[in-house]
């Protein structure tokens, strides 16, 4: 083999392999090690919000019009269910008339309604209090009496006292176990109320019930195919008892005046109900009389227990009330009376609401769980969700949620409630789960209850409300802010990552970004989820496969350039995506405006807030950095050096990873503005304050210098790059030294750069690196020395520095465990021991002495024995890789080197 052929072979060590055949694993690893590499960096830190607010202190939302995080709730805030009729007959508002005629039972058709009062424009707007529009409706025409409805059969009815509207509205405190219990009924104690509801055999009691429900409410006309049913005292023989199917979407504030027909047996479960009742196994009674019996035998005693415990002076009154609530919940579930299927449900709710004023977090959670199991809606559902939210704001109450199944009830609200009708209730429900997800035990509990799947379905339900012209667009954005914050916390758990992939949550989150690009809070939360999940291969690949993902991220970067925390996480995610997939590198580069947006970010975050001093002497290159006085220059960002450098580190990493693609790399190397920004960073940043940034910049320049096409700016400015990289080589940072050595390995292919290295004594430092205990540092140093040894004059200089001795030691130390490094050492020795044939009398010999030749020949002979050479890595998991490296990287050049050394010794 001629000397020119050998030189050409050595010179191709740092050139792109044009071979298009499929490479082996050894070739792939070798090529990556020698030239192009992806960069890694730390994931941005997610700050913990120590204050539990619906909207944090850093929220970009204005305070006007957003739902509050602090409020007070009392029993009077909940609507009294018996203040409106519970039957299928709807009463129209009175127009200054004291009485309202009742339709005859023989008439199967619904009563023709009076004109409806105009409903509020937005049922989901926050209530201003009990004295609002709803209270004005209730004052229109309260009824004092109604004509009795004859019951076909049953015992005579007992008389009782009717409640007037004035009596219903008045309150008086009642002492209960050291607390105050506000009772809304002015002239009747809780005990008498229990005695009243325990029997339904009195005609006068039925009159009382009618009077109590006599407040005027908005009228909703029933459908023609639905039959009216009467109050709980009985129903007409001409009108069979049937659950009302009017769900009342136009009346979200009414609780008991409409009943959904699809309520199931479990809490908040919905099934189709018929008119027949079934006992046993959680079924309902088979008739009205059977239900009355169950009520009197099973339920009334439990309600009396609640009354007696609440009126007592026991020390542990809260624990006793919680136990009574649990027993009541169990009895209702056993008899199939949960949901809206109990005709006396209004009495239950009224009893539970009265206990809220005891102001016990533990008791209120039990009350809330039972209330949600009774399928409240409208204002009561909102207030119950706000009550749970208020309890969850204190971290000391987290233990109560661990010992209570209230989380199941909240998840059922998210599954079943209509976001359009109950948006604010859903908001407080999700806000509660966000607070709880800050507790690691409750976070794992949410994961075990499949919250990821529930959240994904809720995201899909929110998509139709994502149009700005939608009336619920704002409340949907508030819900998404809480929901994405909860998902952000869940993403920390390794067990959650497969669920994000399998449930398609990543796709839904991308859709959220598209629909809410202007909402910085939502976008930041989604970006935090992506930055966490994309650090893992399975999630990263799944995210990369979402159509339009890269283009979406570029659009977000363009829209929120000054939102540092959002930009930081989007760039980190893009860096992860481009580190895994060659296809993603190409798609990102081809995205519309990609490079212009990335370079705009580099310019924005690369600027110093203070003007830089003039450079003396001026640098050989001329970076296009305008002075601060330039009116077209963007204003400096109001943030510290660390925040801006964090963005630059992630941005440079994206560019370095993109440059690995064989098509994208040459285009980036030919981008003058990009190279100018990189060189400007090297020149004006110090290794002491910006080590990670300078290391990443050097690695990016190393990748770009791999491409030696004619249009490469790095190739044209090789000498300038070498001068700027030299300060990294002379620093105390191991990472900076390693990256600088790699850059010199590529740049030293140029004779101009090789001359610069010898003139500035850089080769001495490189030779010293051979004493390093790091194989990577030795590998990079050998790359520089291999190129330097191409020149005859350089061989002499390297021999005088004792390079061949250090190379022999390096071969002896690292050969058995790193055959790539051993092969490169042999290539370097081959170049150094090359006889140019032009040696003069004054030129010292560049050959090894006799003893060094014999030692080197002995080591080569040992390593060329396949069995001896591979015995050190026989049990290694990468034994096949080591064998391939020995055969392809070490064996060919080592055989030729041994032949040369042997001929010289002989």
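In case you wondered, yes, glycine gets a Cβ from its N, Cα and C as well.
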What range among 183-217, 218-252, 253-287 does TrEMBL describe as region 'Disordered'?
218-252
With TrEMBL as the source, which of 545-576, 577-608, 609-640 is set down as region 'Disordered'?
609-640
Students should find that the region 'Disordered' stretch in TrEMBL, chosen from 13-41, 42-70, is 42-70
Would you mind telling me which of 105-127, 128-150 TrEMBL tags as region 'Disordered'?
105-127
